[in-house]
Every structure is written in C-alpha cells, then in structure tokens.
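What follows is a single structure, written as structure tokens, with notes after it.
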Amino acid sequence: MSALLRSGWEWFIAQRWLMMVFLIIGFVLAFAIPEYNLLNKYVQLVMMYVGINIILTVSLNLVNGYMGEFSLAHAGFMAVGAYTAALLTQKVLPIAAHPWLFPLAVLMGGLVAAVLGLIVAVPSFKVRGDYLAIITLAFLMIVKSVIENIDYIGGPRGIPGIKKLTTLPWVFFWVVVTVWVVRNFVYSKYGRGVLSIREDEIASDLMSVNTRRVKFMAFMVSSFFAGIAGGLFAHLLQFISPRVFDIIKTTDVLIMVYLGGIASIGGSILGATAYTVLLELLRPSTVAAMLAWLPAMVFDPLNEYVISHLGVWRMVIMPLLLVLVMLYWPRGIMGLREFRWFVPKRDMEAHHCLNKPTGGSHDAADGR
Amino acid sequence: MTLLTAVKVKHYFGGLCAVSDFNLQLHYGDLMGIIGPNGAGKTTIFNLITGVYRASEGSIRLRNTELVGKTPHQITALRVGRTFQNIRLFRDLSVLDNVRIAHYAQADYSPLEALLHIGRYRREEQRIIENSQRLLAIFKLEHLAGETAKNLPYGLQRRLEIARALAIGPELLLLDEPAAGMNPNEIDLLMEFIQWIRTEFKLTILLIEHQMKLVMGICERITVLDFGETLVEGPPEVIQNHPKVLEAYLGEGPVG
Ligand SMILES: Nc1ncnc2c1ncn2[C@@H]1O[C@H](COP(=O)(O)OP(=O)(O)O)[C@@H](O)[C@H]1O
Ligand SMILES: [Mg+2]
C-alpha cells in the first residue's frame, strides 16, 4: 500500500505541467471566491494575509537564507512600500476614477523600497554577521523615526482611511510574480553567486563571482518584494502607522523564514502559511471560541488569566519560538531543499536527480 | 613570452613582514614550483597574486596588466585559477554547482535576463552545464554531480577543487600544496595528472609543494623562499644541492 502511494507520489511530482494547471485553478479561485462568497469574509482575509506573508518570507529568504546574512530590515522596506503606495493612492493618483492604477502604486512602493535596499547593501560589503544585523536594525529604527517625524504622512498617528484596494486576485498575482522572479534569480549565475557567498565569500570572489554586484542584486530583489508586500498590506489593513512596522513585524517574518527552512522557496511558502494560520488560531477570540465547551469552572479562570492575555504573551512567545527554531531546528521544514516543480528542468537533469525517490533540491540533489 | 612578472613584492601583516622581496618571472607554458619552510610566505604570495591581499609594495603584472589594486574576481576573470592549501569548496552545494559557480564571469547574460529567464540566459546556462559536465567527466566525478561537496572523500574534494579552478578557463593555474595528505601512490598519479592537464588545457602552472618528490619530479624551475625572500631560483638539479637551500631546510629534514 505504501509502495503504491509512494509510486503514485513519484508520478505526481514528475508531472511538471500540473503546476500550470494549479496556477490556472488558483487564478480562477482567486476571482471566484470573493465574487461568489465561496468562503466567509474572515477566511478570505486570512488567505490574503497568508499571501502577503509568503511574499515577505520568500523575499527575506533571499538575504537571510540563500545569502546567509541576518537582516532585520525587512519591516523597514515593507514600511517604505506601504507608505509610498498609500500616499500615491490617497493623495496623488486619481484612484477613485481609475482603480486600475492600484498595481502601479504597489509597483512604485516596491521600486522605492528597492532603492533603499541598495543603500543597505553597501555596509554588507564591509561587514558580515552580527555587525550587519545591527546595521539593518539601525536602518529599521531610522525608517521608523523618519516616518514619525514627517507630519505630511501623519507622523506617529499614521495614515487612516486607506482605500481597501487589495483583493484576493491581486494578492495571488503578486505571490506568483514573487515566487517566479525569486526562483529565476536563484537559478541563475547571480543566485548561485548568492549561495557561494553564504558558503565562503573569499572563495566565491576567487571563483570570479562579482560579490558586490551579487549582494546589490540580492538586497534589491529582496527589498523590492518587501515593498510590494507593504503596499498590499496597507490597502488591506486600511490603516498604517510606524508602529505597524516595528521589530515584531520583522520577527514574524524571521520565524516564517527559519521555520520554513533557509534557501528554499517551497519552505518559505509552507512556513508562511503554517505560521499565519497558527497566529490566527491563537487569537484570544478564536481560542476562547474553541475552548468554550470546557466547564465554566475551568474556562472562566483560563479565560481571565491566560486567553485574554495572549496578545501580550505573543511578544514573549514569538521571539522565544525564533530562538528555539534557530537552535534546535536549523533546517526548518525544508531547509536547503526545494519543491521539484520550482527547479528548472535543466538544473534537475544536470544533477541526475529526476529519478531519485526524494524531494528535489536545487543544490544538493539528495533530499536529506 | 612572459605571462607573469613579480618585482620586489613586499607585504606586511601589521608589523610582520610576511613577504619582503619576492621576484618572479613566469613564461607561457612554464611549470614552476615554490618551496620553502613553513611560514616562509608562499601562500601569502598566492593571495597577493590573486588579490586577496593588496601588496604593500612592488608590482605584479599579468601579460600587460598590473594586478596590484585589483579585486579577486577581476584578477580571476583575467584567467587566473587557483586552489587552496586547506580545501575551500562550497561545502553545502552540489559538486555540479561548485563547478558552475566558477563560470560566473564567462556567463554572458544580464541581470534582467536572469530575473526573467529570457534571452541569452537559456543558451548560456546550457553551455555552462555542458562545460561543467565535461570537466567533471575529465575528473571522473560526473556520477557525483548531484552529491553535496562535503560528502566527498578528501581525495575527491582535492580533485573537485582543481576541476573548479579549471572552470575559470585559466591560463595561469596556482596550486597550493596539491599533494597535501596524499600517499606516495597518489602523489605519482597526481604528478601524471598535473602534466596531463598542463598540455590538455595549455596551462602555465605555479605550484607550492612540500613533497619534494613531486616538486623535483615535475617542475622545470623552482623558487626557494625563506622569510619572505627569494633565496635562489633554478632547475631542480641545482636547487637540490644548493648550500643555501640545505641551510634553510636545516631542521626540517633533508631535501629530496
Ligand atoms: N592573514 C594573516 N594575518 C597575519 N599574519 C599572517 C596572515 N597570513 C599569514 N600570516 C603570516 O605570514 C607568514 C607567512 O604565512 P604563509 O604565507 O601562510 O606561509 P607558508 O604558506 O609559506 O607556510 C606567517 O608568519 C604567517 O603567520
Ligand atoms: Mg601555505
């Protein structure tokens, strides 16, 4: 029986064309679900958060996973994208008359974030590891305080009343673009350069890799998509303030990256999905609803002392979770491995791993 | 025709003078050895040639290009390949990717073509894979293309490192103690192998080696380095019996 399942699975993952089928089904569903209310509004909302978090995770993985740096700046790039896009839709573009300008606003948010990504890349030429982490943290704090001090964009109060322009199809579209572009990048000479920098930067340089250019590109692509996610996020939450993009937001993305596994797009998709759903399940109201069957004698004190404080505990539990994952599960769900469908056929065949009975991998063809 | 010239090269690490007066002239097709006691500055010289360190003084010229001041990848792109005394493979990457990465400078496509997988990307990637597989086949590693580099036995890792250096398409190959950790049998094979790649790839080779059997066996000229200074230079027969060399090696056992 298990042999049958196994060979069935083998057959299944060898059918690369199915990816196109799933893609089309995905798009159809992305349009149909909100149109015909196939799922309730709350589930739709969670799906959009999942999508935004996938974009954030896949893009951060480029720097923290593939390149092996520890950047904390991601929420900063997200903020830049969010503010840029929100300002465009609220104050610049005639969005009421032309809602189709929305993707342009999101794109601009990504581009501005990418330019700032270039600036963060510069210190990475000189320093690595802890020092670079501190510099990226400083960048995050600078972004936050700059926003807080510009009255035109609401200062510490933020921008309320942003139009809800983010829809399920748009989120799905940007997820597909992110995965496709990052995957293309990873399976190119630049992506291999990024991997080699993680392994041994000097050897990489000595093997003709232009390490500076590669770092520029990695930071740019990474921050570009963080900016895109920010734009989508702003037009979903409909309210942004500097507080939304603090270190906790970065921590969330870090957990999703390391939970899913470094240097893996598939892992990032799984990590982002699992973590987002988990967070939703741990909301006080959800937990209370799930445990309502308990006798009042148990439920009431539980509710009073634990469940209603989950929001505060989150600040303790999440960083702790990050530490635990990094220490005890450094590979995460699929660190250094990849969904076979994401690996270009050319790479797969060159590694002779088409017939291997394990999940494909971009660098090590055996799936340990 | 001269390929590489080093004139009065000096290098300090803080106050320590690791290379004090190094001179070298290498012609196309030469196979030259550098010997000298531990800490003489041999590896430092490789690092100076390849741009890992910038020489404090002096000049290193490849063909007509000054190398001092260039970055490692610029120098490598001038067709200088090297290996390392302590193997420095990309350990967590596949054997194939180790070789493919060394094609970076030759891969002729733009960032945009890479991000969209369009234009020259496909043709170039195909070419890189074919060339990598050809190299792996020469080194009898082709069946291990998908294996993670760190899982290879030591001897194969050494071989892979040379394959990776050749992927650069080098005219000048620098080998830092290629026979380290090998038994006499393996050294014999390595000697044949170095001779073979030399003709096959039309290489000029500069190698550092402690194994006198190898150095005396295949090098046409030998430079002896002591305390960062060129002591003597000449063919193996001269070096073997040179009083200065015997003196420098005193306490390290006899030469040869
Ligand atoms: N990065 C470095 N920093 C400081 N000192 C170094 C460094 N690299 C080498 N040295 C010193 O320079 C001298 C020459 O080293 P090296 O070139 O490795 O010698 P060899 O390869 O001939 O054994 C040694 O005294 C060594 O300790
Ligand atoms: Mg040495």
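Positions of Cβ are set from backbone N, Cα and C atoms, glycine also.
In TrEMBL, annotation is done automatically, which means it is predicted and not curated.
Record features (TrEMBL):
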- A:12-33: transmembrane segment (TRANSMEM)
- A:45-63: transmembrane segment (TRANSMEM)
- A:70-88: transmembrane segment (TRANSMEM)
- A:100-122: transmembrane segment (TRANSMEM)
- A:129-147: transmembrane segment (TRANSMEM)
- A:167-186: transmembrane segment (TRANSMEM)
- A:216-241: transmembrane segment (TRANSMEM)
- A:253-274: transmembrane segment (TRANSMEM)
- A:281-299: transmembrane segment (TRANSMEM)
- A:311-330: transmembrane segment (TRANSMEM)
Closest-packing stretch to the transmembrane segment (A:167-186), where packing means Cβ pairs under 8 Å, from A:45-63, A:70-88, A:216-241, A:253-274, A:311-330: A:45-63
Highest-contact recorded stretch vs the transmembrane segment (A:253-274), from A:12-33, A:45-63, A:129-147, A:216-241, A:311-330, CB pairs under 8 Å: A:45-63
Touch test for the transmembrane segment (A:216-241) and the transmembrane segment (A:311-330), at least 3 Cβ pairs under 8 Å: no
Any contact, the transmembrane segment (A:129-147) to the transmembrane segment (A:70-88), with at least 3 Cβ pairs under 8 A: yes
Beyond the flanks of the transmembrane segment (A:281-299) by at least 6 residues, Cβ under 8 Å: 307-311, 314
Within-chain partners of the transmembrane segment (A:311-330) [C-beta distance under 8 Å, separation at least 6 from its ends]: 248, 251-252, 254-255, 258-259, 262, 282, 284
Tertiary contacts of the transmembrane segment (A:70-88) (same chain, 6+ residues out, Cβ under 8 Å): 56, 59-60, 63-64, 104-106, 108-110, 112-113, 116-117, 120, 129-130, 132-133, 136-137, 139-140, 142-144, 147, 153, 159, 162, 222-223, 226-231, 233-235, 240, 242, 244-247, 249-250, 253-254
